[in-house]
Amino acid sequence: MGNAKKAGGAGLRGQVAGQTALCTVGKQGTGLTYRGYDVDDLATNASFYEVAHLIIHGHLPNQNELDAYKKKINGLRALPEAVKKTLELIPADAHPMDVMRTGTSMLGNLETETDFDQQRDKADRLVATLPGMICYWYQFVTNGKRIDTASDIDGVGAHFLEMLHGKAPSDLHARVMDVSLILYAEHEFNASTFTGRVVASTLSDIHSCVTASIGALRGHLHGGANEAAMAMLAKWSTPEEATAAIDEMLKNKTLIMGFGHAVYTEFDPRNAIIKKWSQQLAEEYGDDTLYRVSCAVEQKMWDEKKLFPNADFFHASAYHFMGIPTELFTPIFVMSRVTGWTAHVFEQRENNRIIRPNADYTGPEARKVEPIENR
Ligand SMILES: CC(=O)SCCNC(=O)CCNC(=O)[C@H](O)C(C)(C)COP(=O)(O)OP(=O)(O)OC[C@H]1O[C@@H](n2cnc3c(N)ncnc32)[C@H](O)[C@@H]1OP(=O)(O)O
Ligand SMILES: O=C([O-])CC(=O)C(=O)O
């Protein structure tokens, strides 16, 4: 890990690597838009179904289209038997992101994309089944239950909570999950999306693209930060304890999970939205310690480093207040970002050229193979 930054070089920061009509990130330093709509507007006035339709199908649906889209997604939730059997074979101590990766890959074996004309249906099927994949495996390995993932509950996030907790969520929890999925849906050329576009540029199938994107999202520097932030926050029981620990961590040059961003320079617009919902959940939960600890960390990071929380930081407390196990945090990100990933696959295919940059060579000068006895 020590040489990770050096080996990665400048990380292509600030370089334009292609075009997209899907999203702007940090334009004029701050904003986030999906196909021209501000994320704040979407998180206030739309559902995740509408945002998924916007991203995958290109426009916000009218009422008839929305009704039909809900019916389609909800009708696609049942998992094929072979996917269930595969999930049952994954060990209980596997990382849930590996479960998402394997489930997606298995679905790709059973429902292979044989023609790019099928791409939007394949994307919708993934939106419908990813929550079921993780919950089916989770319930099987923790409670020995083989749950039925078919359901007509309204909401992709509500469906996830229903399968996780065995009952329909409260209106508040269903709404927060919906907002969370909206916030995570799309983010231009982030690492996991760019990964998917690279795979798409070889004219590979959509399940291969999404499987590769899941692998890229899993790391703690990207989507895995929500889980890592929760693991860190869980160690502290007071704001003072958290502040002192952050002091020490910064002195030791430890990265604080859930802070900083490769593009935003002033703030992450998703943070204020999820922070507000986290506060509301804390009130409902009846113990706001975790929220206050999180606020103390936010203040300390700003005072010491002028670093701000990214989308992942207050998601940690919000998910925790809804009784979601920490190891399932990043799979929720997958359930949402699959919309952005697949839309980028479509976009790459529309105007494709294989993505193949060059490297600056830093190895030895040209040399001859020494006979083996002289080496
Ligand atoms: C949904 C998402 O994927 S959002 C990102 C989620 N990831 C995290 O929260 C992990 C923690 N954050 C980080 O590792 C980074 O901020 C990243 C990966 C998000 C961005 O990385 P970069 O663009 O390379 O960071 P950047 O160049 O702005 O860093 C500037 C300086 O701030 C430091 N810094 C950046 N983030 C942090 C942090 N979270 N904690 C402590 N220091 C940090 C860097 O070490 C660097 O210090 P240096 O100049 O002494 O080397
Ligand atoms: O854009 C990035 O680099 C990371 C991020 O916030 C995201 O993917 O949501």
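Every residue, even glycine, has its Cβ placed from backbone N, Cα and C.
So that you can see what the record holds, here are the features copied from TrEMBL:
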ACT_SITE  H261  active site
ACT_SITE  D312  active site
Original post:
If you measure H261 (active site) to D312 (active site) at Cα, how many Å is it?
Top reply: 11
Subject >> Fewest-neighbour residue among active-site residues, criterion Cβ within 10 Å, set H261, D312 >> reply: H261
**OP:** Return one of helix, strand or coil for H261 (active site), based on DSSP.
**Re:** coil
